[in-house]
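Copied from Swiss-Prot, the annotated features are:
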- 5-189: domain 'Glutamine amidotransferase type-1' (DOMAIN)
- Cys79: active site, nucleophile (ACT_SITE)
- His166: active site (ACT_SITE)
- Glu168: active site (ACT_SITE)
Amino acid sequence: MKELKILVVNNYGQFCHLIHRAVRDLDMDTKIIPNTTPIEDILAEEPDGLILSGGPEMDRAGLCFDYVREIDLPILGICLGHQAIALAYGGHVHSGKKGGYAEVEVEVLEEDDILRGLGPKATVWASHADEVAILPEGFIHLARSDICEIEAMRHPTKPIYGVQWHPEVSHTEKGEELLTNFLEICEKY
């Protein structure tokens, strides 16, 4: 795979630097940017894709809603990034039944490009303090768990994907594969 430029949008989550390192370790050019970076500055970087990191609260999601609606690039939302994608397209987010980080067994419902090779079940590391409760209209439901019905989703026509779990942490089984799948999506786009 050729070297791609991936921008990691910092939503102030504790694992943002791990996302950056995981992408860098896959031999990609990567950079962390604030979630207040103007869209024109992002486009000036000529990235091949964006990853929206997790974060503590939606009030601090900066311009993420604008990014997912207005930037024509592959986007992967992780945890809060996943929730921001849902909200930007009319979905709903609520408090989860189980907050805090824990190991979760995820059932892959549709082995889409982003989840290729992860199914039928995968053990992941996730926080469910907040979670997507209702998919945006037309979005494809990709994975679920006993704790959270919407663990992963994708936009019906754009290369926009969201996962509730953290592929960048070592506790997540096949996390590197998910990130590699995203990079392959970026390369094809």
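The backbone N, Cα and C atoms fix where each Cβ goes, glycine too.
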Mean of the pLDDT scores, which run from 0 to 100, over the domain 'Glutamine amidotransferase type-1' (5-189): 96
Rounded Cα separation (Å) that holds between Cys79 (active site, nucleophile) and His166 (active site): 7
DSSP three-state assignment for His166 (active site): coil
Chain-internal residues, separated by at least six, CB under 8 A from His166 (active site): Phe15, Leu18, Gly54, Ile78, Cys79, Val124, Trp125, Ala126, Ser127, Thr172, Gly175
Around the Cβ of Cys79 (active site, nucleophile), the count of other Cβ atoms that are within 10 Å: 26
